[in-house]
Amino acid sequence: MAGADAELAAASGDVEEAAPLLVPGPGARHASASATAASRDVHLLSSAFLFVFLAYHAAQNLQSTVNTDENLGDISLGVLYTSFTAFSAVGSAVVRWMGSRRALVVGTSGYLLFIAANFAPSWYTMVPASLYLGFTASIIWVGQGTYLTLAALSHARENNLPEGPTLGSFNGEFWGMFASTQVIGNLISLALLRNGKDGGSVTGKNLLFAVFLGFMIVGIVLMCLLSKRDEKRNNTPTHSSFGAMLKYIIAPLKDQRMLLTIPLIAYSGLQQAFVWAVFTKSIVTPVLGISGVGGAMAIYGAADVVCSLIAGRLTSGLRSAAFIVSVGAILQAVVLFWLLLFYSPMDGLLGAAIPLFIGALWGVGDGVLNTQLSALLGLLFEDVKEAAFAQLKVWQSGAIAVIFFLSPSIALQAMLILMAAALVISFGSFLFLTIVVEKSSPVIA
């Protein structure tokens, strides 16, 4: 196995030439090359997602503003996440067939097409683009979780490091950079659309989406530079028939640990969509106006970045994850119950600061959930990584679609009650998961 990894690293150009004074042994050279390749790959992967998603997230935040005819923007996003949910069920099989690196490259094509459709938004461009993006999103996210886990575990094994902290560190870097997409993308939108009314300046909008296309292309190029990291093991399912493939996809659902994780996965989707569809519309806009949405989301993203980096560094196993998730859950619970029981829009500086403060607290919770869920799935379901990350996106994107379809038709109070109930159920299920894992796998805990 070691020799094969060395040949693979050499073939992909990951072993750098050097002229050391003392020539290390083969084992030392192999470990050094593996460490260099793993670090390089996590930097490349994080940077690629930064470029792709700073464009996509900013475009997503603008849909209800720039594509208002017959609610085209909102409906397109609802279609997108419904498609994402449906295709996520088979995303793991596609990734195993393609390989995680190739899946990452192919997965970016949907985001590129979605941005391009915004140059001529209509039912004939946006809806098909959203359907296709749902498919490619299922591929890219299963590929991301699989690839990052493979890189982290390989790095840990080659350098005799504990797997839990290594997964936490790799996920912390990735999600920290990913969260910064909300900051950078929204600031770019604010700068280029500042002279347009509600984003209605055609020239400003087209320039913005042209810039976004440029960022997408940079991200795709970076994806192509990733080294191949798919591991072929003796226990890897071959999927010789449709039944075998289906059995592999649903295998995690037979595991009690996955069943206990699903509520928290679903809540992670609910709380993301709550920010995009409810927080910006019902909390930020009445106080700061539409022009204040970009600033509030930038602060949300900045808090998300900081929390993702810190939470990733602090992760060492299930117990540390339980503590970190508890902090995020408590902060979001405080926000929900305060909005439900005490909040009312205020004038003046204090009134303007409150939505920004809420955005920062919510960003902390989002950073916690992203880093901890990814690290935990990598630890608990190492043998069925693709299927586990497919389940993550099935339940997460399904929850997001629910919020997009519900938000236009239910009151803010009802939405807050729904969110609070979902938080209590998901957090209770997660605490029970920690008990189950500690009894069955004390090493992971």
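A Cβ is built for glycine as well, from the same backbone N, Cα and C atoms used for every other residue.
Annotation source TrEMBL lists transmembrane segment at 42-59 (among others).
Same-chain residues lying 6+ beyond the ends of the transmembrane segment (79-97) with a Cβ under 8 Å from its Cβ atoms: 103, 114, 127, 130-135, 137-139, 141-143, 146, 237, 239, 245, 248-249, 273, 386-387, 389-391, 393-394, 397-398, 400-401, 404. The transmembrane segment feature in TrEMBL is assigned to 79-97 (among others).
Here TrEMBL flags 104-124 (among others) as transmembrane segment.
Residues or ranges marked as transmembrane segment by TrEMBL: 130-153 (among others).
Taking Cβ pairs closer than 8 Å, the transmembrane segment (174-194) reaches residues 42, 45-47, 49-50, 53-59, 61-62, 144, 148, 201, 204-205, 207-208, 211, 291, 293-295, 297-298, 300-302, 304-309, 312, 363, 366-367, 370-371, 374 in its own chain, all 6 or more past its ends. Under the heading transmembrane segment, TrEMBL lists 174-194 (among others).
Annotation source TrEMBL lists transmembrane segment at 206-226 (among others).
Summarising the annotation, TrEMBL assigns transmembrane segment to 258-279 (among others). Within the same chain, residues 60-61, 74, 81, 252, 296-297, 300, 325, 332, 355, 358-359, 362, 365-366, 369-370, 373, 376-377, 380-381, 388, 391-392, 395-404, 407, 412, 415, 418-419, 422-423, 425-427, 429-430, 432-433, 436 sit at least 6 positions outside the transmembrane segment (258-279) and bring their C-beta atoms closer than 8 Å to a C-beta of that stretch.
As annotated by TrEMBL, transmembrane segment applies to 285-311 (among others). Counting residues 6+ beyond its ends, the transmembrane segment (285-311) has Cβ neighbours under 8 Å at 61, 65, 168, 172-173, 175-183, 186-187, 189-190, 198-199, 275, 279, 324, 328, 345-346, 351-352, 354-356, 359-364, 366-368, 370-372 in the same chain.
Positions annotated as transmembrane segment by TrEMBL: 323-343 (among others).
Summarising the annotation, TrEMBL assigns transmembrane segment to 349-369 (among others).
For the transmembrane segment (390-410), same-chain residues at least 6 beyond its ends with a Cβ under 8 Å from one of its own Cβ atoms are 71, 74, 77-78, 81-82, 84-85, 88-92, 95, 134, 137-138, 141-142, 145, 249, 252-253, 258, 262, 265-270, 272-274, 277-278, 281, 373-374, 377, 418. Among the features that TrEMBL reports, transmembrane segment is placed at 390-410 (among others).
TrEMBL lists 416-437 (among others) with the feature transmembrane segment.
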If we call contact 3 or more Cβ pairs under 8 Å (sequence gap 6 or more), are the transmembrane segment (104-124) and the transmembrane segment (206-226) touching? yes
What stretch, picked from 42-59, 130-153, 323-343, 349-369, 416-437, has the most CB pairs under 8 A with the transmembrane segment (206-226)? 42-59
Please check if the transmembrane segment (130-153) comes into contact with the transmembrane segment (323-343), where contact means 3 or more CB pairs closer than 8 Å and the residues in each pair are separated by 6 or more positions. no
